[in-house]
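Heads up: the structure comes next, in structure tokens.
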Amino acid sequence: MQPQTPITQDVMTIKRILPEDGLTNIVGLTRDQLRDALIGVGVTEKQAKMRVNQVWQWLYHWGVREFDVMTNLSKDFRATLAEHFKIELPEVVTKDVSTDGTRKYLVRIAGGHEVEVVYIPEKDRGTLCISSQVGCTLTCSFCHTGTQKLVRNLTAGEIIGQVMLARDDLNEWPEPGQGTGDNGPRLLSNIVLMGMGEPLYNFENVRDAMKIAMDGEGIALSRRRITLSTSGVVPEIHRTANEIGCMLAISFHGTTDEIRDKLVPINKKWNLEKLLEALAAYPKVSNSERITFEYVMLKDVNDSDEDARRLVKLIEGIPAKINLIPFNEWPGAPYKRSDSDRIKAFADIIYNAGYASPIRRPRGEDIMAACGQLKSATERARKSRKQIDADAGL
Ligand code: SAH
Ligand code: SF4
């Protein structure tokens, strides 16, 4: 399916140039864009690089939100910045904390739209699951987000803003003058683009935001700690390797075109053969280790021994690990979770073929924060059950 151009996107572009308050939000600008913006308010070409570095570090290393506290800039320059720019993050509307410590934030972005962000604490690390779109153009039949129409793409600022607001909530910015924040394990050590939306249908904004997350003078997460999950937008896979270089996860879920067409309808456009060809090239180009194959376990749909054996055969030659995801149910879902014995038997076949086959432990289920359960409450554009079944070819 072609990505639809959301009607509201143009409006957003205009808004970015001419925001209501006349101030340009500098969160999410690339280094080059920030440079142009600073030159636009009178910084000389000669000084531009240094000024970009200074502002960048305040924003993304120290996490400050006021120009006035950027003490290595002159008072006059700080006033000029405040006159033209702002530092704005998406607004946290609600925060739910699960009994297992998972935190789910509902955040509001420009236009009143809402997306969800999930923080999953683990021992000595923690993963933030971020969203790239409001809703999704794709209609994977087992996914709650897929029942919500695409409203619009998030801007780069709204994507990196999710990381920044989570660091706010975790109190993880270093105190100016008191250490650099480099000590000890990080609470937010990994990012996964596995929230709402298809990141490769919002490529440029996702790329720009992840470049900010990886920049050594700011949040400084290694590219190996960022995983982008795609349903299989084949032409953008090599761009991900070239232009982002992060780890790749692929929503595989089916081992024949017939099954995958139903579960992940983008397969009708780029089938298993085309997808596997693109995946085989990925680790070489991006220098990454293994591709994660995500495989949702749906009772009596894709969970037989035969499926497991086919899966192993298909991915032969690709450095891979297979992440088995017990299906997370949502109201009206047309599937059931496979029994745990079945999941275990499936995992064993893959493991015995030489692949890691971890079974993902659902996190934050009590707050509907588990994979595929995200959907913003205010965007109830839910299709009818009939339509979900029709899309799934049931
Ligand atoms: N659009 C991207 C990223 C978001 S989905 C993609 O499809 O890859 C993140 C992961 O959650 C995907 O692997 C998706 O297939 C999986 N998922 C979606 N709904 C799910 C559900 N109800 N239960 C378990 N996993 C689900
Ligand atoms: Fe969109 Fe991913 Fe859900 Fe498919 S699984 S509908 S691509 S968010």
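Just so you know, glycine gets a Cβ as well, placed from its N, Cα and C.
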Task: For the S-adenosyl-L-methionine site, TrEMBL lists GLY197, GLU198, SER251, PHE252, HIS253, ASN328; sort out which one of SER229, SER304, SER340 goes with them.
output: SER229
- request: Could you check which of the recorded positions (GLU116, CYS136, CYS140, CYS143) sits closest to GLU198 (S-adenosyl-L-methionine binding site), going Cα to Cα?
  value: CYS136
Query: Do you know which of the recorded positions GLU116, CYS143, SER229, PHE252 end up with C-beta under 6 Å from ligand 1?
result: CYS143, SER229
Message: Let me check the 10 A CB neighbour count of GLU198 (S-adenosyl-L-methionine binding site). How many other CB atoms are there?
response: 28
Field: Filtered binding-site residues, from CYS136, CYS140, CYS143, GLU198, HIS253, ASN328, whose Cβ is under 6 Å from an atom of ligand 2
entry: CYS136, CYS140, CYS143, GLU198
